[in-house]
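Here's the structure, in structure tokens; my notes come after.
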Amino acid sequence: LQTMSGNEHDWLALKPQEPSPSQCCGSGCKPCIYDVYEKELAQWERAKAKQDKSLLLEKKEQSSNSELNPETFTAFNISAVEQLTEDTYQYTFELPGNSSLQLSLGQHIVLRGVVNGLEVQRAYTPISLGNAEGHFQVLMKCYEAGLMSQYIKTWKKGDVVFWRGPFGGFPYHPNKHGELLMLASGTGLAPMLPILQSITDDEEDETFVTLVCCFRTFDKIYLKALLQDLARYWNIRILYILSQETSLEKLPWSYRENTYTGRLNEGLMKTIINSCRRKPFALICGSSAFTEDMTKYLKAAGIEEKSCFIF
């Protein structure tokens, strides 16, 4: 076999670059972008030791066959953009033919964006079911100062963006838990929806669910129609907690009896748990501050760590 004697300079140009901290989404992905780098670096070192550049050919930066892969980024077309509230959007991405992402419940995928020359990666959980055919949908909130938000705000129908995954997920089994208590703040609603829909789609699944949605105001609640549809099922109860609403009088009648104003605190958590039909297993998704508070309130209400799952 003919080996190529490349000079030092050529090899350095081929050396994989160590990711910058902004490229890690911090969601505990396996493999993390740093794991991918370690693997590529080891591959480069082997090739350099043997002076054989053909050993680097396996290296794939990104793929365009629209098959999700945890190690490489795949291109997906945006087929629809829908603004849900002033700062929240629902994006639909095309999948070829009738293929589906095949995600298990609550799994997240990682988006890559480049803002001012800086590569950023963030994790998002599709809200469509993992077996949805021909498309998948992601709920995204844009923050004024968010780096990734600046990139997302430029998106329009027909644009191509890059995802890798899937990662994580909640190992849900029908009827395993008597009641699920879902605590979601803002877009933390995303991983809860596929689980809720899988329960309502399965006539044999008699799990009770209490979904607690925390938003600032009534206007900030997204996917109201979908949530109202889910709440019609005998085993699904949806409660809204609106931290910046002062009175329920402005709300439509259909929301008044299942909405609380103010913040979700320890007292309210105990009230909610006491009104659950069975001792619940809790799922939490929101900011780190929200997660910390919820864990504390659950503990005070007698729900141990082994009965909690954090997205």
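Here the Cβ of each residue, glycine as well, is placed from N, Cα and C on the backbone.
Curation plays no part in TrEMBL annotations; they are all automatic predictions.
Summarising the annotation, TrEMBL assigns domain 'FAD-binding FR-type' to 71-173.
Per TrEMBL, the feature FAD binding site maps to Arg122, Tyr124, Leu139, Lys141, Met148, Ser149.
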Only counting partners 6 or more residues apart, tell me which same-chain residues put their Cβ under 8 Å from the Cβ of Tyr124 (FAD binding site). His108, Ile109, Val110, Leu111, Val138, Leu139, Met140, Ala190
Relative to the mean position of the Cβ atoms of Arg122, Tyr124, Leu139, Lys141, Met148, Ser149, the recorded FAD site, which additional same-chain residues have Cβ within 8 Å? Leu111, Met140, Cys142, Gly146, Ile152, Thr187
Pick the one among the binding-site residues Arg122, Lys141 whose Cβ has the fewest other Cβ atoms within 10 Å in this structure. Lys141
Which residue counts does DSSP yield for the domain 'FAD-binding FR-type' (71-173) in the helix, strand and coil classes, in that order? 6 helix, 51 strand, 46 coil
CB contacts under 8 angstroms to Met148 (FAD binding site), restricted to the same chain and 6+ apart in sequence, sorted by sequence, are Leu111, Gly113, Val115, Val120, Arg122
